[in-house]
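The next block holds one structure in the form of structure tokens; read it before the comments.
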Amino acid sequence: MEYKAQDRSKASIAPRLIIHGGAGNITPQSITPEKYTEFHDSLLTILSTAHRFMTEQSSFPLQVSGSASALDTVTFAVSLLENNPLFNSGHGAVFTRDGTQEMEASVMVSRGKKKRGVGLMGLKHVKNPIKLAREMLVRGEQDLEGGNSKGAKGAQGHSQLAHPTAERLARDWGLEMVDKKYFFVQSRWDEHIKGLEREDKGEGIVSWSHKEYIPQGTCGAVALDSEGVIAVATSTGGLTNKLPGRIGDTPTIGSGFWAEEWEQELPTKEDIQLKQPGPALMLSDSLRGLLADCFPSLTTYQPIPVDVKLAVRCPSRLLRATAMSGTGNGDSFLRTNAARTASAIVKYRNTDSNKISLQDAIREVSGPGGELERSAGNRWHKTGEGEGGMIGIELQVELDGHRITKSTSRIAEDFNCGGMWRAKVGSNGKAVMRAFQIGQPGLENFKGEGQEYDLIDWFDETL
């Protein structure tokens with residue numbers, strides 16, 4: 001299902017980008033306006049800087065061409081989120097109940113890499129786990145062609161790896177390694193201690209609070225590049241006060257992330273013609289009776305007007321692609337295989353008469369009353385279970401042979417909890433950051449919610 005940039009003579013694919021920084025009990029009551037401003041400014045800065053990276057020349061060491069691929073873009077965006085202590089990943093990752101930090105990361109592409117997606121878990125010394133995930137995906141091209149007998153170049157074709165093997169490969173591949181102290185952030189340690197104390201006093205569970213925003217989500221990015229590839233990258237410290245060794249949805253393909261491309265079956269020209277409106281030719285009683293033995297259901301004939309026949313146009317191929325990154329209670333994402341489920345709704349439930357968008361599918365899985373929420377049962381709003389949200393991008397490409405005649409892309413997002421930190425570049429090229437639902441009342445003190453900005457106003461060339 002390949003198509004090349006040089007074949008795009010009539011239509012082009014515009015790059016798209018959306019990022020998120022976690023979801024959960026983010027409410028006007030649990031977040032101060034001052035803390036909100038920190039998230040607002042950080043997300044817009046990271047979004048704008050990553051968008052500049054995607055669309056212009058960059059010195060980022062993973063980039064190998066004039067404009068960045070979707071994979072390199074999401075890697076770069078998430079590495080900036082990992083470096084920011086506000087977000088639950090990298091420098092700022094949450095602690096296990098034993099006071100340690102174990103990080104997870106993943107990347108996936110809709111096409112172009114043989115492994116498609118990889119996940120890493122239990123990392124403790126890799127400064128940017130998302131860069132290791134990308135490296136493992138890219139280096140896997142040789143492994144799957146039988147060109148690596150020692151398994152040192154691309155993780156031997158494996159799609160998931162854990163510490164310590166993953167970190168040995170990180171050293172072999174020259175990624176930056178750091179002391180454990182690098183990941184320590186005092187506010188995360190305070191959340192860790194407060195959770196243990198809350199549990200000891202019988203005032204709640206160790207990893208969630210109905211009064212405070214306790215991180216249980218991730219950070220992530222989804223990007224569409226000009227070649228029509230959609231990539232997703234996700235990184236996390238996991239669930240606050242999780243058990244050491246716990247593996248969440250972030251490194252688990254299909255649960256916390258997913259990307260795929262498929263060719264959708266098209267109706268034939270005759271199918272389209274027969275659905276065109278036109279005058280029906282009524283058969284006489286005598287003629288209908290004459291034909292009844294052979295065609296018992298034949299009562300009318302729908303002639304096809306000549307002008308309709310000439311106007312019908314059928315693309316020779318229709319390609320669709322989706323990619324999603326989830327954030328929230330990872331165990332719930334695992335139980336519902338959330339990201340793959342959303343994509344499957346788009347892929348398998350779509351018919352000529354029933355058009356399902358990725359936005360529809362994400363709402364059905366992670367929106368209010370959706371699959372995630374239902375999976376919590378009577379524990380909903382009591383343990384944090386079922387809480388979460390997803391961001392994503394979908395693409396539809398019509399081709400005549402290998403030439404793109406039309407392309408349509410859309411950004412999707414929804415969540416079922418108090419809020420989800422996210423920012424995107426809209427179809428008009430403006431940057432928008434939100435934490436809450438659109439139109440939600442009581443947001444007067446949260447300046448910048450849903451406001452449109454020029455990207456250049458937030459670009460930071462030092463990142």
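Every residue, even glycine, has its Cβ placed from backbone N, Cα and C.
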Which range of 144-164, 186-206 is region 'Disordered', per TrEMBL: 144-164
Max pairwise CA distance, angstrom, over record-listed substrate binders R246, I247, G248, D249, T327, G328, N329, G330: 16
Alpha-carbon spacing, T218 (active site, nucleophile) to T327 (substrate binding site), which is rounded to whole Å: 5
Cβ-Cβ distance under 8 Å to G330 (substrate binding site), same chain, at least six residues away: Q216, T218, T236, G238, L239, G248, D249, T250, S255, G256
